[in-house]
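Quick look at what TrEMBL annotates:
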type	residues	note
REGION	70-104	region 'Disordered'
COMPBIAS	76-90	compositional bias 'Basic and acidic residues'
DOMAIN	208-337	domain 'Cyclic nucleotide-binding'
BINDING	Glu286, Arg295	3',5'-cyclic AMP 1 binding site
DOMAIN	340-457	domain 'Cyclic nucleotide-binding'
BINDING	Glu407, Arg416	3',5'-cyclic AMP 2 binding site
Amino acid sequence: MSLPAEYVEEINMLERDVARSQPKDILQFCANHFNRRLEAQRSEFLIKGQSTHNPFKMSVMSEVDRFPGTLGGLDGPRDGHRGASESIREETEEEMGSSPTSPVFRNTFAAGPETRTPITPHSPFSPRGAANIFSFDSGAGGTRGNTLSPNSAFGHDMPHNFNMNRRTSVSAESLMPSAASDEWTPPTYPKTEEQMNRLRTAVARNFLFTSLEEDQFSQVLMALNEKPIPAQGTRVITQGDVGDFFYVVDRGSFDVYVNNSGKIESGPNGMGRKVNSVGPGGSFGELALMYNAPRAATIISTVPHAILWSLDRVTFRRILMENTFKRRRMYEAFLEEVPILTALTMAERAKVADVLQTHTFAPGETIIREGDPGDNFYIVESGTADVFKTGVEGILKTYRKGDYFGELALLNDQPRAASIIARTKIKVASLGKDGFVRLLGPAVDIMRRNDPTLKEDVGPLDHMETSGPFDP
């Protein structure tokens, strides 16, 4: 069975691009290649209108409706007068410009200068209060160009009912966790102990990193890459550009400007008004780690020889994804070994694994304090912890890997009956009160039956003889 000619042609084109560019990340390169090919095809459909050469035998508007916004981190799919084959090319490092903070995701479909005309706030082609998806990046140190207008040559070729004011989606790279978790390791950049301490303090204050586990947080710190900013007045971020980096200020200061038009404009006041300043220990650009939304402000260095530390979106998401994927697989295997959870089905255990949160306690640290309200259920992943109760001498019980505690305070809605203190460094998985009752299902009844406080003539030490564990 012979392959379609169009398929063979596309594969041959991809092979030529791969041979020429020799990419390190082949999957990302292929995704970018086909995204650009798709963008170029949509551009040709728009220019030709109801083209008889449309291989999908659809109207142009149906194609546009099915592929709104941007694809693969590219700014916009419209190319004024260049053909599709001319637009499809791989950018080299020289083309990316000399700025130390040049965006990774550049727009290869920008219209040429001869096709751009200024656009007014009242133009029907100007989205209200949002960055236009048809804007372009003219390179490092340059200003954002103007967008397409109805009077441009390209504008006449657009369908009369094309809705350019339609809201655009915010997209992110599609990533899949590797089946073998050791296939990908995050990049690491050397840092002194003093630098690590400064970065740890700065990053810990940012809301994106507050819920990271210890391993993830360490990987994020090691993946931060130093970016020297040699000159005063260097534009680090340009409003309206695609955001792909998060920055931490190590040395120097930076001013933040916002233009109400949503993008930087020409002229002495093109950056808009100054709204903030960021100094050492501060950070900016965190939204770029979640999705490739347009930058909301322009940021300029105010002193020479400043230093930033940067983290790109793909690395951040891979760190989260790989660790989350490995943690879920670990939890699923771990939950199968917890005797009390054998009553759950595989699907129920998978749901529990998704919502468990890992906490680490140092030796001597209190995990549960007697008299506190019960709000979490705990399962020991590793390490040991001892149970103590006021008025009773000595250790009542020691918890080890696979043991659980904290469930009775949740079941009976009572304060903690005892304190649990880490004997060694201990890692526990916790489940909140709402998820405890909702997800554990059949296991809750078993826990109630094992409640030593419901048995007759059971003293504070007699729980050692019962089938269920003593629980605070």
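Glycine is treated like the rest: Cβ placed from N, Cα and C.
No curator has checked TrEMBL annotations; they are predicted automatically.
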Problem - Densest Cβ neighbourhood among Arg295, Arg416 (binding-site residues), 10 Å radius - result: Arg295
Fill in the blank from the handout: If you measure between the CA atoms of Arg295 (3',5'-cyclic AMP 1 binding site) and Arg416 (3',5'-cyclic AMP 2 binding site) and round to the nearest Å, you get 48
Practice task
Please list residues from the chain of Glu286 (3',5'-cyclic AMP 1 binding site) whose Cβ is under 8 angstroms from its Cβ, counting only those at least six apart in sequence.
Solution key: Asn206, Phe207, Leu208, Phe246
Completion exercise
CB neighbours within 10 A of Glu407 (3',5'-cyclic AMP 2 binding site), counting all protein chains shown, number 27
Practice task
Take the domain 'Cyclic nucleotide-binding' (208-337) and count its residues per DSSP category (helix H/G/I, strand E/B, coil), listing them in that order.
Solution key: 40 helix, 41 strand, 49 coil
Fill in the blank from the handout: Arg416 (3',5'-cyclic AMP 2 binding site) falls, by DSSP collapsed to helix, strand or coil, into coil
Fill in the blank from the handout: Glu407 (3',5'-cyclic AMP 2 binding site), DSSP three-state class -> helix
Handout entry: Residues of the domain 'Cyclic nucleotide-binding' (340-457) by DSSP state, where helix covers H, G and I
Key = 37 helix, 43 strand, 38 coil
